[in-house]
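> What TrEMBL lists as signal peptide is 1-21. Per TrEMBL, the feature domain 'Cadherin' maps to 79-159, 160-268, 269-383, 384-488, 488-598. Among the features that TrEMBL reports, transmembrane segment is placed at 615-636.
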Amino acid sequence: MRTYHCFWLLLWAGQPHQSFLTPLSKRTSGFPEKEKVLVLSGNSRQDLHRSKRSWMWNQFFLLEEYTGTDYQYVGKLHSDQDKGDGSLKYILSGDGAGDLFIINENTGDIQATKRLDREEKPVYILRAQAINRRTGRPVEPESEFIIKIHDINDNEPMFTKDVYNASIPEMSDVGTFVVQVTATDADDPTYGNSAKVVYSILQGQPYFSVESETGIIKTALLNMDRENREQYQVVIQAKDMGGQMGGLSGTTTVNITLTDVNDNPPRFPQSTYQFRTPESTPLDSPVGRIKANDADVDENAEIEYSITEGDGYDMFGITTDKDTQEGIITVKKALDFESKNLYILKVEATNTHVDPRFLYLGPFKDSATVRIQVEDVDEPPMFSRPAYIMEVKEDVPLNSIIGTVTAQDPDAAKNPVKYSVDRHTDMDRVFNINSGNGSIFTSKPLDREMLLWHNITVIAAEINNPKQSSRVPVFIKVLDVNDNAPEFAMFYETFVCENAKADQLIQTLSAVDKDDSHNGHQFSFSLAPEAASSSNFTLQDNRDNTAGIFTRKTRYNRHETSTYFLPVVISDNDYPIQSSTETVTIRVCACDHRGKMLSCNAEALIHPTGLSTGALIAILLCIIILLVTVVLFAALRRQRKKEPLIISKEDIRDNIVSYNDEGGGEEDTQAFDIGTLRNPEAIDDNKLRRDIVPETLFMPRRTATARDNTDVRDFINQRLKENDTDPTAPPYDSLATYAYEGNGSVAESLSSLESVTTDGDQDYDYLSDWGPRFKKLADMYGSMDSDKDS
């Protein structure tokens, strides 16, 4: 074996023969000239004996990040079967074979074609074999070897975070842990110092320090105060090569915040505060706000306010506004300028969360003086009581005084007051009040049995300023007097059997009294004097507010007397004594032997086979209803016969009567005799109108006869004038069709509605005097006259 100045890499062959290395020629690769030879050892097929194996190196070493222009030389493979005649061929397989690593198949030289990075892949495992070119069979078993990439310091340390954020309480001790930073180096930690990192602080001294090996940042200054400075920025450097010259480095930023602790007590910015408030300020209303300043924040700045001393300790209160940490002074009791107009308070502000570590700094509280000036306002009158209760007897005379209310102006001016009753509370005006002295008196009679309590409201207002007023309720109780007589508790109607015996109880009576009795009512019963001697019944007072009615004789006859009316006098024992006379109705009835009532109707016994009174009344009512129905039906029929053809009194349209007779003109003498029109005397005066039911209300008017050969147009005009002035004519037009055209269209319309176009226009105002049935016609004709005038 030959040895050069570099490592010789030998590969153990699995055959029992001796290995050897062949010296190689010198190569230039940019590195120290060292040749690396990997010998592939084989055996002769004839050698069958075993030989002892020995271990040989099977590694190549290659530096990363090669920057030369040629391929980087790795090493050489050589087989002991290679005779140098070119009969063998070397092949390479495994990681990067043919791409990263190539082999000269003739010489076995291995070269790297690309720049290698240990951080990407530190080790490559390849396999080499020598085969016979002619047969293609391997002459040596396949041998595996390793190419290991040697590291160089080509990676700077990298922190796990670009920016670190940390916080510590203010006033912390020196050496308090803040945060730990960590940097990693991608270089090989097992080869040299390329990956050995040390930490140092570039910015942040003298407040903080860092441990060089661990990267732990600690405080380096005592009593750092957040109120002076809250934020710190520290720059930490990590450098490899153990921090030596030429090492690579990286930096990171650490933002450190001091958190607050309660190391500052509250302080009032001034020692005295002054406020003004009117005496009319409602309860729980704010008077003013005070604030103590605290340099701390959040819960360390929370303050509780309290009133510790002062003459207004019970008049005012103070609460804390949680949002602004202000003390709100409020009114607890009603203020009165006339009683006291100045209050002096001592207010204390205390931290609610005290840190015992900082008690040595002093008490965490402060106090201030508050002066409150009460201002005078024009107040309404004040009643001497919040409510008044009065009593009055129900029989008190009118205008009797039942009580007095009193109100005064609390102001220093003492303005006079006038009184009045709120009529919304006394709608019936039962009470009235003297506007000057406030005495209440009755204005209407009282009745306790109708209304026991009267609740009214009295108003007191200043005379000079009526808007300043106040109210007070007055409760008036009506006391009872004995002004109601007792009466029966119910209406008594009883019966006595015809076969009753003497001294038999037939009814028990009781009474009630509307009056109130403190000791209970005591009623006495007796028969009225006019019935005491002649009555067929007796009355017994039971002395327990009840009485019994007894029979005086044996047997009663309902045919002689069917009903008895027994007057009973009821009296009370109050003062003055009140009494009344009530009547008990007693009917005589037929009863069976057990005293059960059978019948109390005497007529039914007289006519046992006849009808009862109720049945007779019902039959009589049916007959009367039937007669009334017949009479109404006949009247309606008669009224219907007298109705005109136009029923509606509001209908003022023309009534056109159609006869379905169409004439044949002037030549048609069969359809209608024109001579009738030319000889009006031939008209029968007794003929009545066909458009209404005949009724002789007015005598028919005699009209002058027209001369012979009068034109039909003149005749019609004459009749038109007569009808227009005839008061017996109906309030509507009656159009009759005569089937005569006359002399062309000169006649125009035959309707009296067109009469306004004639030479003889007339006034129709008289239609308004004919009553409501002619109102529509009068309005229509009157509107036509007005249109024509316009």
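Here the Cβ of each residue, glycine as well, is placed from N, Cα and C on the backbone.
Unlike curated entries, TrEMBL annotations are predicted automatically.
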> May I have the DSSP-based helix, strand and coil counts for the residues of the domain 'Cadherin' (384-488)?
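Tallying H, G and I as helix, E and B as strand, the rest coil: 0 helix, 47 strand, 58 coil.
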> Grab the pLDDT values for the domain 'Cadherin' (488-598) and give me their mean, rounded.
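Value for the domain 'Cadherin' (488-598), mean pLDDT as a whole number: 87.
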> Mind tallying the domain 'Cadherin' (79-159) by DSSP state, helix then strand then coil?
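Taking each residue of the domain 'Cadherin' (79-159) in turn, the totals are 0 helix, 37 strand, 44 coil.
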> Can you break down the domain 'Cadherin' (160-268) into helix, strand and coil residue counts using DSSP?
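Looking at the domain 'Cadherin' (160-268) with DSSP, the answer is 3 helix, 47 strand, 59 coil.
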